[in-house]
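Novice: Grabbed the feature section from TrEMBL, which reads as follows:
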type	residues	note
TRANSMEM	25-48	transmembrane segment
DOMAIN	41-289	domain 'G-protein coupled receptors family 1 profile'
TRANSMEM	60-82	transmembrane segment
TRANSMEM	102-120	transmembrane segment
TRANSMEM	140-157	transmembrane segment
TRANSMEM	206-228	transmembrane segment
TRANSMEM	240-261	transmembrane segment
TRANSMEM	267-288	transmembrane segment
Amino acid sequence: MISENQTMMTEFFFSMFPDLYEGGLLFFIPLLFTYGFIITGNLMIFIVIQLDVALHTPMYFFISVLSFLEIWYTTTTIPKMLSNLVSEQKSISWAGCLLQMYFFHSLGITEGCVLTAMAIDRYIAICSPLRYPTIMTPKLCIQLTAGCCLCGFLLVLPETAWIATLPFCGSHQIQQIFCDFTPVLRLACTDTSLVVIMDAIHAVEILASFLVITLSYIRIIVLILGMPSAEGRHKAFSTCAAHLVVFLLFFGSVAVMYLRFSATYSVFWDTAIAVTFVVLAPFLNPLIYSLRNKDMKDAIGRLF
């Protein structure tokens, strides 16, 4: 019977979405608005930075890369979430589930690496301002971005390929709002202890990025506090405050979700944490980078 279920398995079903007329519509409308804002806001930031010569600096180059990644990062999950909120059969194909897991985590890791590169950029700009133009060249920025993409898209490949070979049986009910490694592996009817090794690799990557960014900002804050001029302190802090907020949002939710080790959460908290880094953080990023940034607001004004 198990063998028969394994061969017939072509899709998974999500158990966390309410029916359309039992609350689904209440979630669909704000989520649709949020997704539209994420796409519009990040696309506007990307276009403005590309068109405005005044923003052709390493800092804004990385912001444009982050905005571009955010568009695809949210597109891997939110459109399917919207579809499941209004459809009767809240399902995803087996191939679609694998692709969603792969691109969601690949783009997420790439974003984490880009945030690390941004922290290094701010560290050099504030701590070694005279050497900054010779260190952070356009060539180095492109190389760092390419390295981030390579790291993100290669690191997740072995785990996704391994999951593709596993047999699945039973109800195929995923207790999450999108396909993620842990909820999918719970449905495998074979030994999945190998995932501990892969989780350790991801944990090292997350902790390494977190450590580099934290040390960079500690050094930056210490240097800023030592500046004699209040105006100089304000100017220096304003250039990295937005990055610090995005860093705390992104890595805070990722750490709670993926560095839990043996801790287990209820289904409600699992879903709430997932919404934080799938929907809330991408929603706030355009606001942080545009409304709180004078150069960006001036560039948007010039464009329109």
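Glycine is treated like the rest: Cβ placed from N, Cα and C.
Whatever TrEMBL says is automated annotation, not expert-curated.
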Novice: Using Cβ distances below 8 Å and needing 3 or more such pairs, separated by at least 6 in sequence, tell me whether the transmembrane segment (140-157) contacts the transmembrane segment (60-82).
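Specialist: With 3 or more qualifying Cβ pairs, these stretches touch.
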Novice: Within the same chain, where does the transmembrane segment (267-288) have neighbours whose Cβ lies under 8 angstroms from its own Cβ atoms, ignoring anything closer than 6 residues to its ends? I mean 6 or more beyond.
Specialist: 16, 31, 34, 37-38, 41-42, 44-45, 66-67, 70, 73-74, 77-78, 108, 175-178, 180, 242, 245-246, 249-250, 253-254, 256-257
Novice: Find the member of 60-82, 102-120, 206-228 that has more C-beta pairs under 8 Å to the transmembrane segment (25-48) than any other listed stretch.
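Specialist: Stretch with maximum Cβ contacts: 60-82.
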Novice: Give me the mean pLDDT over the domain 'G-protein coupled receptors family 1 profile' (41-289), rounded to a whole number.
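Specialist: Mean model confidence (pLDDT) across the domain 'G-protein coupled receptors family 1 profile' (41-289) is 86.
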